[in-house]
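First comes the structure, then the notes that go with it.
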Amino acid sequence: MKKNDTVITTITCVSSIFIINIIILLFLHNRDLSTGVAILLENSLVIFGLLLITMFVAESIRLKKMKGAISYYNDFSNSVLQHAENGLAVLDETNNFEFVSGRFKEQLGLNDVSLVGCNALEYLPKSIYRFLMEYRLIPHSETTEPVRQTLQLQESFFEVSAFGVVDKENHTKCILTIYDHTKQVLMEQQLVDQLEEMQFHIEAKESLLANVSHELKTPLNAIIGLSQILEQTRLSDRQKELVSKINTSSDYLLNLINDVLDFSKLKKGAISLESSHFRLRDLLTDLETTFRPVASQKGLHLLTDYKFDPDLCLNLDRLRMEQVMVNLINNACKFTDAGYVRIRVSVLKEFQDTITIKTSIEDTGIGIEPENLSGIFTEFYQAEGHLTKMHQGAGLGLPICKYLVEHMGGTLWAESKKGMGSTFCFTLTAPKYYSSEEEVEPPAPVLRGHGEKILVVEDTPINYDVVEDLLIRVNLTCEHADSGLSALKMCESAGDGYYSAILMDIHMPIMDGYETARKIKEMGITAPIIALTATNMDEEIQMRYQHLFCDFILKPFKYTQLYNVLSPCVAATAADSPDELSEDPYAGKDTAIENLGGSIALYEKHLTRFKTNYAHACETLEDHLTSGQREQARILAHSIKGLAGTLGLTYLARSAEALESAIDNGEENLSPQITAFRHKLRQVTDQ
Ligand code: ADP
């Protein structure tokens, strides 16, 4: 290139110097213009010739240059097309190959075949040919957008695309490209498989968690229920102590199960908050009431330092705030052997309708090593090694607290020094108002039935026993269905209006509580159905099934909870009726002993005999009634009334009397009186 340029430049310079010399000579030696013109004319042929040669040489050099460039770019683009990642072929209107790149042949395993001029039908794999035919572009006046598809050829996956190009002569060419992306597809597939496997494990973990917690809660329900019943009976001091230990342990176990469930929920981000108005002072008083005995049992002082207006009310999720504080105070008591636990609450900031409060729980306990301090908010982390561990716990409390506080928009942190105690602090901002009016919680209604029938659908006998006992105490009659199917049968034969309410366990073999409830509704039974479940039901699930269940009771439940839910279902709820649970079956014992000449031994002897002889009196009485021997039944009720009166069994005597007079009056429906009688009799004979 440079050489050609030099030649043209040289020729141009020579011609120019020649002309310039003539002009200089002309001016130096002879200033005659006509002579100059003559000289120029004389030499014009030479000059013209020189110029022609120069132009010719320049043109041929330019052409050569262009040819060179064209061939260079042809070679270059050919090599690019041949080696490009995507295989490329150009097909004419009759589907004959006009151009085929090396990659195209290589990807289809056609390396040794010369495809140009051949028809695509002969060589393309069927699926690609079908794709080509489907998308073959009928003559277009301009280039078309590519159409793409992923096709599988044996073990490989190809992305095939086709688009049309119209050439100068108005022929439509089809440009077919193929790209082997087997590796990516396999990788994607692998990822999808791994994801599915992970999903499977997550679901398995969740269902295991739900099942295990259900399985744990079911027996725990029985333990808590039975110990509640036991607590209400006459117990020696030692027995009371043992029952209280059962209660503490089952509370601990229940908290642990709830922590595990909470934790799995927070992992799914499924914990929802329910704000309500509450007086901060009330919450703190409740906490003090709970923890004062715990602290004093360990010889600790429970101190408080509150710096806020006692009328301050917050709008926050009270239960969750309480859960956080319970956890922190519990830890403080647990990890402190001497000294104090102090609860401090102060106002950090007040702005318009909101307030920011800071709560700290300070203890003089074992403290935490600096290297452990950052880890304690990590799930399952415990500063003590698990082998040398001296305190109960699963290491879930603090992560849950941190999550809850942050979920409520606050911050939780800890300050501690080994051996110097710890302080756990959190801040929360909430809407506030001040009210001096005491917000007294409405008293829990005391349930007192009139023998209304409650169907209890429960497959675990011991759980049924607990519910039955609780219902009989408040004068309700219990009928037991041990499966969904038998519940359906019982409802069918009893008809609508027979049961006042149905308590339905959810987890039952063969037919679960949902299906049973649905079928009962379909049958036209209008009795309210209450779900009894050991599985945590979040709000969403409760909403989904609210057409089946009027309420949900989570096992293990307190008897007051059961009564609260049942009270709208039974005819009479008297807020001022005596609390049956606290009623003493031996209310008249002292008078009875007095009447027996003050001899306790004699009293005990008669009482034992009474218990032995009349343990099954209720069943006998019912047998008399079913066999039509009403008089026999009346006599039995009458005898028990007398004996019970003599032994100071006041309530039993009263219920026997009610039963006797109902029989006497010829009443048909005696079940309310029998239920009450059975319960009072059991109170005596079961002890
Ligand atoms: P755990 O149920 O084991 O107590 P937490 O998550 O509540 O679980 O606490 C995690 C760990 O943090 C505890 O095991 C303990 O080592 C440490 N810790 C928590 N609170 C205190 C405290 N007040 N004093 C000393 N150590 C504490």
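Yeah, the Cβs are placed from backbone N, Cα and C, and that goes for glycine too.
Automated prediction, rather than curation, is the source of TrEMBL annotations.
Listed in TrEMBL for this protein:
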type     : residues : note
TRANSMEM : 7-29     : transmembrane segment
TRANSMEM : 35-58    : transmembrane segment
DOMAIN   : 211-432  : domain 'Histidine kinase'
DOMAIN   : 453-570  : domain 'Response regulatory'
DOMAIN   : 599-687  : domain 'HPt'
MOD_RES  : HIS638   : phosphohistidine
Open item on the list: Please count the residues of the domain 'HPt' (599-687) that DSSP assigns to helix (H, G, I), strand (E, B) and coil.
Closed with: 72 helix, 0 strand, 17 coil
Task: Residues of the domain 'Response regulatory' (453-570) by DSSP state, where helix covers H, G and I - done: 51 helix, 26 strand, 41 coil
- [ ] Let me know the model's mean pLDDT on the domain 'Histidine kinase' (211-432).
- [x] 85
Open item on the list: Using a 10 Å radius around its CB, how many other CB atoms surround HIS638 (phosphohistidine)?
Closed with: 17
